[in-house]
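Engineer: Before anything else, here's the structure in question.
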């Protein structure tokens, strides 16, 4: 089972690929997709879409796990995040992949044991739980690993 975890965002989207081979979890890859805030939104969404498509084609995930989003007090920010999620979900649908959504607190509790863990705690635990993640320093990337990890350990596939 190969899971593509996504921490959705318009400016700095985290992605990670984690596999389950028999009883062992294996970190395969991760990264950040950054878009330029000066670019038109449709160009930013197209860039996210095309970059994630390359990840899907390279790693052939069985499923995508994505973080659920909360409605921000800033409606413009929430709307832009909704655009990014829509572009991602359209791509997931185009490749006929299954998708699971996880609340941020569920991911934090699964990884750290505490549903309100800070970003540095998440990063620390990801490095302990999955070998190969020692070089990850970006919290968006670590969150994507945590989302994929949560999908696999909760057997939500």
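A Cβ is built for glycine as well, from the same backbone N, Cα and C atoms used for every other residue.
Below are the features listed in Swiss-Prot for this protein:
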- 7: active site (ACT_SITE)
- 67: active site (ACT_SITE)
- 140: active site (ACT_SITE)
- 7, 140: Mg(2+) 1 binding site (BINDING)
- 67: Mg(2+) 2 binding site (BINDING)
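Are these features on the surface or tucked inside, and what touches them?
Structural biologist: Within 10 Å of the C-beta atom of residue 7 (active site) sit 26 other C-beta atoms, taking all shown protein chains into account.
Sequence-distant neighbours of residue 67 (active site) (same chain, 6+ apart, CB under 8 A from its CB) are 6, 7, 8, 101, 102, 103, 104, 107, 143, 147.
The DSSP secondary structure for residue 140 (active site) is helix. Proximity of residue 140 (active site) to non-local residues of its own chain (separation of 6 or more, Cβ distance below 8 Å) is seen for 7, 9, 12, 13, 14, 32, given in sequence order.
DSSP assigns residue 67 (active site) to a strand in the three-state reduction.
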